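Trainee: Okay, these came from TrEMBL:
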type     : residues : note
DOMAIN   : 106-550  : domain 'Major facilitator superfamily (MFS) profile'
TRANSMEM : 103-121  : transmembrane segment
TRANSMEM : 141-168  : transmembrane segment
TRANSMEM : 180-202  : transmembrane segment
TRANSMEM : 208-226  : transmembrane segment
TRANSMEM : 238-256  : transmembrane segment
TRANSMEM : 268-287  : transmembrane segment
TRANSMEM : 432-451  : transmembrane segment
TRANSMEM : 457-484  : transmembrane segment
TRANSMEM : 496-515  : transmembrane segment
TRANSMEM : 527-546  : transmembrane segment
Amino acid sequence: MAFCTSTRSFFNLKLSGETAPPLHQPKKKPVTLFLNPRFAPPLLSSCNQCFRANSVTFSNPSTPRHGFSVKVGSQPDYSSGDDDAQSFIPEATQQEEFSWTSVILPFVFPALGGLLFGYDIGATSGATLSLQSPELSGTAWFNFSAVQLGLVVSGSLYGALFGSLLVYPIADFLGRRRELITAAVLYLLGALITATAPGLSVLLVGRVLYGLGIGLAMHGAPLYIAETCPSQIRGTLISLKELFIVLGILLGYFVGSFEINAVGGWRYMYGISAFVALLMGIGMWVLPPSPRWLLLRAAQGKGAVQEYKEKAIVALSKLRGRPPGDKVSERQIEETYVSLKSSYADQEAEGSLLEVFQGTSLKAFIIGGGLVLFQQITGQPSVLYYAGPILQTAGFSAASDATRVSVVIGLFKFLMTGVAVLKVDDLGRRPLLIVGVSGLALSLFLLSAYYKFLGGFPLIAVASLLLYVGCYQISFGPISWLMVSEIFPLRTRGKGISLAVLTNFASNAIVTFAFSPLKEALGADNLFILFGAIALLSLIFVVLIVPETKGLSLEEIESKLSK
């Protein structure tokens, strides 16, 4: 596969002959790279025909250039030709073939944090049934009160909320890699303590520790993936992280269905996640730090600049499968640092805790925080509570078995998330959000109509439920976290994402706890009307506020917001 790139900004591509947004530095001579098509990622197979060369070549003004170019903007154009193209970090070094593992491994290990988050959701649905069974719990403390059961179910949510608060002031100190290693350790401890708990109090400690891991992982994973992957597949990879969450939910459902009849089966349901947490920790230990984070620390004056530059060169070389300390990475890191330093030349070395509420960072928080807020308050947790009764009304026998219904819904969520993964870098973020949120509003109004006066047409309820799930998974599900990971300026990205994660878990808690009283006060029909009205508001928010970021590097997104 062949990428035309340059030395201007991380993972940034542009069409030769067109002017990209200025990044506070003079224009550099372009460098053209050619990569072996045999190593092209499957997700980019549709672009394989654009690549013809079998070796990596750096061209200069006297050397003929061949390859393909990419136009940055809302309408990327792929074409063969003799144009020069520029990017901040080339995808390979001279005469070096592209390695698929150099792209996939920095994605998979952080994404395991999302899988473990989803697994907890799926496993808890079966574990609570096992814990409360006199015959199957294997304990003498199975008779839970409503409050105790609520603490078991939401213990990880409380931990995630606290983790989001904890990481806000220390995100840039920890760095993305160390944050994910810490998350893996918390996942591991939480899983083991929960699985071996001799009593309720110890079990709750394990649930909160696991939740702390969720808070750190949901903050660090999108950061690390966005800062280390090529911009042309950033949307695909971060949407794949959402797919990992759904896959985790499915795995939790499946494990729950297998262990539900075993004595003490809840211990196995929670304990199995320890093995995945261990794999995540080992993987993140092997991966290098984010080069962008290293350069940010250098620009903030947190150590010897040359030392941080050398670490960034090594990290970039490792991420791209190059020899350690190669000249190409060295040149790119040097120009990255110059760009970053000049961007913040008139500002303090490190922003204050409140800087995220100022200027460009505030714009980013309104966009990212708004998306994750609407993700929850459009009723996503609540609507699925009606899945069982709706399917039972329609005559589906599987609805009598909660675990089987959950698996069916989970499989459909997985399928629709796959659609978003395949299309997000093709269609863009805004089209998927607009279409998906419109479908959410329609499905919610249809569900309200079903409970009001269409009770004799159960298939309408089933179709509305599936429409809701499908539209959520192509819009708010993956796109919200994708936008959060790429919308914040590098200077405040750690703090900004931690606030977005906090907003997500806090709104999730509010919706979860407010669901029962709202249901009693309004009834199901009016509750769905309320959620539908909120969905319409979120649609207006998307149309008027949310920008398109498809095909743009993180630096270009920051430049776009600043204008």
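Using the three backbone atoms N, Cα and C, a Cβ is placed for every residue, glycine included.
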Trainee: For the transmembrane segment (180-202) and the transmembrane segment (496-515), does the number of C-beta pairs under 8 Å, pairs 6 or more apart in sequence, reach 3 or more?
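Mentor: No, the transmembrane segment (180-202) and the transmembrane segment (496-515) are not in contact.
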Trainee: Mind checking which residues reach the transmembrane segment (432-451)? Cβ under 8 Å, same chain, six or more beyond either end.
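Mentor: The answer is 374, 378-379, 383, 386, 420, 423-424, 457-458, 460-461, 463-465, 467-468, 470-472, 474-476, 479, 523-526, 528-529, 531-532, 535-536, 538-539, 542-543, 546.
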Trainee: Using a Cβ cut-off of under 8 Å, list the residues of the same chain at least 6 residues beyond the transmembrane segment (238-256) that approach it.
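Mentor: Long-range Cβ neighbours of the transmembrane segment (238-256): 107, 110-112, 114-127, 221-222, 225-226, 268-269, 272, 403, 406-407, 410-411, 413-414, 417-418, 420-421, 424, 473, 477-479, 481-482, 485-486.
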Trainee: Against the transmembrane segment (141-168), which of these stretches has the most C-beta pairs under 8 Å: 208-226, 457-484, 496-515?
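Mentor: Maximum Cβ contact count belongs to 208-226.
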Trainee: Please work out which recorded stretch in 103-121, 208-226, 268-287, 457-484 has the most C-beta pairs separated by under 8 angstroms from the transmembrane segment (496-515)?
Mentor: 208-226
Trainee: So which of 103-121, 208-226, 268-287 is most in touch with the transmembrane segment (457-484), counting Cβ pairs under 8 Å?
Mentor: 208-226
